[in-house]
Each structure stands twice: as structure tokens, then as C-alpha cells.
Ligand code: ADP
Ligand code: MG
């Protein structure tokens, strides 16, 4: 290890590869690449240890591509990866690097993809196969995968394959590959079990260890927030709102269920968020990753396994919403940001009882993690003001204002107003969906400003904003934690508006989600989302709190369909009893979730836009016994189905990006934003078109 290698040409890579690398934009080899490529070019076995994000893929892909025999159609290189996503990513990387190699074919094979398709692709021939161990075994057993011409095997993310229980499969595959092949094993960590495999299956491996996590971690700013007083969702909202560098985030939670729940809640707050977990089918998982890449999604709520290896450069933030179980998982998680030399930010939520893990993480990454406090209301407000100002200035520079100027003049002339009088009104309108003066809803202000030393200990699930008119039960704990100022019943609809609870004939058995009900009422009844109060879902019906609806409107709404059901809306009689009861047939979604009702699981929609759920709030909190639980349907699918038939073309199902200029750090949580957008959003907004 004398001089650092400063170019790929120095590594004696051939012209077509160098050309491809130049196009991809790699200038210098990363340390693991510089160290591994010469050995692999020589044909030696390699045991490589380096953190995620250090460029391991190219470290093996480039030299192995160099060693391919172009005349041979049978598979020559087999890469085993722990997940489907990674298989696809690695295959894509091969494809990129091999762009100028003739007749090159790489094929990802993984469970969940159609066997028929894979068999056909395999029979066409590919020099490089990238697959998950299970599916590779399947093909070897069927003899649809022929390893007789194999020259090299790569075990990528070996520690993760170990953790996922693939070791036996991997060893089985190694035993079925020609003994003459070259083997490279890469891993972020080197537990004993991996060493054992290396010694058993590798021939005099050259060991390459790239020290510590520094190359990844230095580009990642790590911070933590001590969970106290404010629930995690509110905290997240506040933190992200003032983050200057926010582009996209991966948010880690511990369970599959939690991915769905949190994604729903974020969506209800206006974020372009979706879940990704191991229960989603392959297509859905690929799609959400694509959507994240393309910018149609800004947040993925993920489990460790599902996010494994995701490489999307625009991910600016990793949020450890639930603390990871071990330090390795933490390192893998934060490796999802700071990709390709960019800056990234990792934020960790640490409950008081989790401080031990925080210290362990600091020791493992050999870096202190800085504690942050939540942005105050003033912080958020001044951030919004600054943003709005900037957007106004930008609009003046970027747009032709002639047309708007004329409209303004006309407005002024007709109403005998000066432009100075009109301008504030325009500002008011521009900020309406994301008010400059932040309301309390969804931010947990009061609690945050309560002094920490008041003696009251909050945990992450403590205070929720009060529910509508205090009509239903609250847990004693909830009351106790609620700060006094919020105790007064909230004026839900403003003075003078009488409210009524309505019953509609669509419920959980139909698979309905609160947002669909809001969407339908807003779209077809023209009801301002702000006026839509609490929604309770029951098995085959739901209740919604609304202002008293005039008879004609009621008539229209009766025929409105949600999830294929005419909702038949009618006022709930005084004292009318409605019991939760099980109804058959229930949809698959509910069926597979055990005894959900028994756990007080009514979903609520409250105050127009903030989705609430009567289950406990945090995802890792005590009292939740459900762990990685299966079979949650991909949520996107559900919302898409809704979006297609219920919304005017071109109207998004989420609030507009605030003020419509740059991609904002986030889309707002303002009460009623979504439904309002749903039916007023068709009109172009003044400064929207630039994007
Ligand atoms: P690992 O497998 O170690 O986690 P990857 O192979 O996925 O890392 O690479 C991480 C990111 O760095 C990818 O976006 C990749 O395109 C990029 N990258 C890899 N090598 C280089 C290089 N030499 N120069 C610039 N970027 C690179
Ligand atoms: Mg990798």
C-alpha cells in the first residue's frame, strides 16, 4: 500500500470499462476498489471487509467483468445477495459498467419474480447472474441454472445473508459450484461464522479490510433527539420542516406493521410517503424505490431488511424512528444516505430507556452523536416566512408577470384598491394551506414548551391532541400527560356551526381508509376538509362527524360511492346504538391481522387532516406485542385505486408542495389540506407552473 491509486487506468482496467466508468462519473477508485481490483484481476480469492457505501459493488464487478470470456454464453459469474433489491441493484451496476462490452448479459434472479420469466431469461444465456440464495438454489435443483462454466462467485453482504439465515443455502451453492472458481466474499462486518465460511470455501483468500466506517460516516452528520414530551411523529414533522438540506428520507421502524402505520400517518400529514417491507410483493417494492428515485415519493418507511442495500443518491436523511436493535443495523441504516460522496444526515430518536444503545452506537461508529432539541414554533414560523419570501422573489425573477399584473390591475380598479392593499391578501392566500402562523395541530407545541424539569416524565406515546369535543373515552394516562392548556375542548368547526354524527355504509370490511371517506366527501359533497371531523371505522359502516348537511347535499352524497359502496349517508339518531361486530366476509387484509378489534383498533380521522389511530402511538413502545407481522397489503395500491376513479385527472391525492416553487423540505401539515386540494387543486395556482 504505497501511493494511493488515483485513477482506474492505474488499475489496468481495459478501455471499454474505463469508458463506462467515465460516463458513470467515477473519478478515482474508492479504497476498497483500489485494494481489491488488482487481486481479483489476478484471479485470487478475496475476503473484503468494508462498510456500506464504500463501493464494494464496483470492487468486484469491474475485475470480474475484465475476466469474462466473451465467447462463453453460460454463466461465468454468480453474485449472491441477501435481498431482491440488492440483486437488482448489483445487476444494474454490472449493466452500467459493462455498457461497452459486446454481447454482455446480466440477469437478476430472485424469489417473487415469475419462474416462467426467469426460466426463459436463463435459457437465453447470461454471463453474470445476480441472485438471492433461495432462488439460485431452486434453479440449480431444476437444473435451469448451469454453473459448469462458472469462473467466479461473489458473496455480497455476507453478514446480512448470515443474519437472514441464508448460510446453509449459501454453503450449499458453494458446494455445487466448480472447485476451480474464484471466490470473493464481502461483508461490512466479520463475525466468526463468516470467517469460518471463508476458511472453508475460499482458497488462500487475500484479506482486505478498509478501516472503520469513516469513509461513509464522515459524509453523514449524526444527531439524536431524546424522545420526551412530544410524540415521535410530531417531532419528526418539526425537525424535517426546518431541515435545509432535506430531499428524501428513509425512516426506519421495527416492524412491518409500523411501516404501514407510519407511512399512513405521514401521508395524512401531506408527505409523499410510502411503506416498504418484506410483505410487499416484489413489484411493489421495486416501484416504491423507483418512485423515491424519481421524486414522486420523498419518504420510505422501512424495516431494516426491506431497506437493505437501497442506493438512492437523493436520500438526504435517514431517520431512526425506532432505535435499531444493534449497532450493525445502525451502520447499515445510515449508509442509505451520504451516498456517492453526497452529504447525508442521520437522526436517531432515543427514548430514555434506550440511552444504552445510543452509547453503544457511538462506540461502534467511534463518533459522538450530537443531541438536538426540537425546533421551536418560532423556528418553524421563521423558516416558513423565509421560504415564502424567497419564493415570491424567485417567481418575480422567473416568471413573466405581465398577465398577472393585468389581473391585479383589473382587481384594483374594480374594487378601488391599491396594489399595497391587495398584496397582503395575496400573501394570505398563498400561505393558506401552510400557514405562516403555525397552528398547534400535529406539532405538539405545548408539550415541547413545557419545561423538562417540571418533574413530569413523558414518554414517546404520551400526549395526543384532544379528540373531537371530548366525546370519547381517553386513557387516564393520556389525560395525565396532556398539558393543561389543551384541556379546554377545542372549537372544532368554529362558532355557530352545528355538528352532527353521520353514518355511512362503508366500513373496514370494504377495505376503506379514512382518507378515502374524506376524499369522497370533499370531492363530491364539496365539503371543506376542515369541516370533516372524526371518522370511526366499524366493520361494515363508519361514522363521520360533519356540520349539519342540507337535505339536497345529503341526497347527492347518499349515492356517492366509496370502495364500490353507495355510502347512504344519514344522520345517526340520538342514542342510536352501534356495536362493533365482526362481519363476514372480511377482506384479506383484515383477516390476516389477528384479533385486531379486540385491541381497540378503531381508526380515526380527526380534524380534517391528521390521521389518528387509537392504538398506541410509538411503534416500539411497550404494550405492543405484535412484532413483524405479515400480510399488510401494499398501501400504494390502495391509494392508487382510489385516485384513479375518484379524482379529476391531474389532481394529486396529496397536497401541493407548499407555495409551489422549489421542492420543499416537506409538504405541510395544515388542517384539511388534503381534501381541500382534492377539490380546489384543479385550478392552476399562480406560481406553480415553474416546477
Ligand atoms: P457498498 O456495496 O459498499 O455499500 P456500493 O457499491 O453500493 O457500496 O456503492 C455506493 C455508491 O457509491 C454507489 O452509488 C456507487 O455508484 C458509488 N460509487 C462506487 N464507486 C465509486 C467511485 N469510485 N467513485 C464515485 N462513486 C462511486
Ligand atoms: Mg453493496
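We number each residue from 1, going along the chain as drawn.
Cβ atoms here come from the backbone N, Cα and C positions, even for glycine.
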Review point. Taking 405-448, 449-492 as the choices, which stretch does TrEMBL tie to region 'Disordered'?
Key: 449-492
Exercise for review: Could you pull out which residues elsewhere in the chain have a CB under 8 Å from any CB of the domain 'DEAD-box RNA helicase Q' (6-34), counting only those six or more residues past its ends?
Suggested key: 41, 48, 50, 54-56, 58-59, 62-63, 65-66, 96-101, 208, 210, 215
**Study point:** Helix, strand and coil counts within the domain 'Helicase C-terminal' (235-380) (DSSP)
**Key:** 66 helix, 29 strand, 51 coil
Review point. For the domain 'DEAD-box RNA helicase Q' (6-34), DSSP counts of helix, strand and coil?
Key: 17 helix, 0 strand, 12 coil
Study note, to complete from the structure: Taking every residue in the motif 'Q motif' (6-34), the average pLDDT works out to 90
